Structure formats: structure tokens, C-alpha cells
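Take a look at the structure below.
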Amino acid sequence: MKKISNNIFLIMLIFGSLITISANSWLGAWMGLEINLLSFIPLMNEGKKNLMTSESSLKYFLTQAFASSILLFAIILMMMSFNLNWMNNNFYELLILSTLLLKNGAAPFHFWFPGVMEGLSWINGLILMTWQKIAPLMLISYNINYNFFLVAIILSMIIGALGGLNQTSLRKLMAFSSINHLGWMLMAMMNNELLWLTYFIFYFFLSMSIVLLFNNLKLFHFNQIFNFFMMNPVIKFFLFLNLLSLGGLPPFLGFLPKWLVIQNLVETHQLFLLFISVCLTLITLYYYLRMSYSIYMLNFNKNSWMLMNNFNNKNMTFILTMNFFSIMGLMIISLIYLIL
């Protein structure tokens, strides 16, 4: 029975996002966001009930409800101003943009995002990092303010880079990584609508391959990785190359969307923004490398009596196939391009 109710809420969640994307009025978009929010709250509380899950769902509800109320207020004000010719349209634009950035967890409105991620299961965390961003990002793309965007992009990259440096929790690390990637998506959105969608699709795939692996191995903190990976060097190899791919290191698949954005920024002569984004992304790569380096370099003791074979699991085979494409995807795409 519980599984049926979860599936219904999941369908409603997808339905809410689709209503927002296809809405032809701000009020319709707001309604879709509300359906999406109210469907996600029960999903957050499924599975193991503990204090962290309840706290996370409450934090998420309060921030999203606050953002929704301000968004509705801004929409009503904007509709009234069109009729009564009140204020400059710029004020409503900024108000709507701020609420949508708050819904997304982009800096400087990121304060709730790592805390909420910490209390969620990996699957719910994946939904929060990926699907829950689609509808607000789509609305942001209709409402671009260059100066405000510039501030949000630079702050998202700084907070995403520096916030992850002292983390021992993998969920918080993924949350700060998500904030950094959000900065890249907003930067892609400024110049080209297709570009941010492409970036998002790649980010979705990379996040999914890493999160499913973490979920399958039940990893939540650094010390668990040190203990676990004394057993299986192959999974260790897949996981950390995948992390470097998410960080955008060539020649992995995660570099491709960043490459497209960099090329676009060079063509539009936004070299200052390009310099800042590349430098700050190097910091995110540093904390992925720090994680990989410490685990590769620690002495490897393989105990002969620990016979754990993860490859018999069908889920693990699927996840490792995804990881393989995440690591080798750019090379495969390059080969296909050269052959054709």
C-alpha cells in the first residue's frame, strides 16, 4: 500500500513540474510549483523515519512555502501594475527571480539546501538535486536580468567551491557540488537556452550514476569509504573517476557540457566571467581529488575471508555500466564524430 502511495506522489511530482513548464501564465506556473512541493513532502518522509528526515522535510516545506508566498505576491503586484501603471517592471522581475533562485537553492539563497540534503535518503537527494530544479530553472529562463544573474552566478560558484572543502558528509558534498553546477547552468542560460538544457541533461546523468552507486553501497560519510574500499578496488576505481567526471576534468564526460559553456563564453567575449568560473571549478576538483587521492594512497589490505561480491547484483551491473559511460562518454562521442 505504501509503495502505491509513493508511486502516486511521484507521478504528481512529475505532473506538477510539467504543469509549470507548459503554463502560459504566471499563476498557472505557481500552481504547478505548489503541486510539485506538496507531492515531494510525503516522499521525503518515506522509508526510515528519524529526526533528521522530519527536520529536513520541515525545513524544505518552510523555505518553499515562503518562496511560493512571495512569488504569488509578486505575480499579483505585477498584474495590478499592468492595469494601474504603478512601478517600474524591474522591481517585479527581481522579486520573481529572487524567489525562483530560493526555490532552486542557488546562492545567495542557498542556506537551506545542504541542511535539507543531509537528512534525505540518496534517492530523495537525487530528486532534489535534479528534477526539482527543472521547473524553477525554466521560469528563470523566461525572466533574465543580466546584473542580478552575474551576482547569483559568481556567488553560487564561490559557495559551491568553498563550502565543500571542509565536508565529511557525502550528501553535503553533493549539495555544494550542485550549487556550483547551478552557477554553470545560470551562466549557460544567459546566452543560450539550448545550452543550459544540454548542461542539465549531462548533470542529471552524472549525478544519477554517482548517487545510485552511493545508495547501493549505503555510503554517507568519508569514514565509511575508507572502511569499505579496502575490499573492492574495481568499484573504488569507478566511483572516483566518476567523481572527477562530475567535477569536469578532461577527458571524462563531465567536461563536455563545461567545454560547450566555455566555448560560448569565449564567443560572446565574457572572459572575466570565464576566468572566475574556471578558477572556482578548480577548487571543486580539488576536493574531489583530495577524496580520491587519500583513498587511492592509503595502504590497501585485502582480507581473504571477506568474500563480498557486489557484481552478482543486477542493480550494481546497471550502475557500473552508467559509471563506465560517465567516464568514457566523451571519448566515445569523439570517436563517433571522427568516424562520421
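The backbone N, Cα and C atoms fix where each Cβ goes, and this holds for glycine too.
TrEMBL annotations: computationally assigned, not manually curated.
According to TrEMBL, the protein carries these features:
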type	residues	note
TRANSMEM	7-27	transmembrane segment
DOMAIN	23-284	domain 'NADH:quinone oxidoreductase/Mrp antiporter transmembrane'
TRANSMEM	60-82	transmembrane segment
TRANSMEM	94-113	transmembrane segment
TRANSMEM	119-139	transmembrane segment
TRANSMEM	146-165	transmembrane segment
TRANSMEM	194-214	transmembrane segment
TRANSMEM	226-249	transmembrane segment
TRANSMEM	269-289	transmembrane segment
DOMAIN	285-337	domain 'NADH dehydrogenase subunit 2 C-terminal'
TRANSMEM	316-339	transmembrane segment
Most CB pairs under 8 Å with the transmembrane segment (194-214): which of 7-27, 60-82, 94-113, 119-139? 119-139
Let me check one thing: do the transmembrane segment (94-113) and the transmembrane segment (316-339) come into contact, meaning three or more Cβ pairs under 8 Å with sequence separation of at least 6? no
The predicted model's mean pLDDT over the domain 'NADH dehydrogenase subunit 2 C-terminal' (285-337) is 72
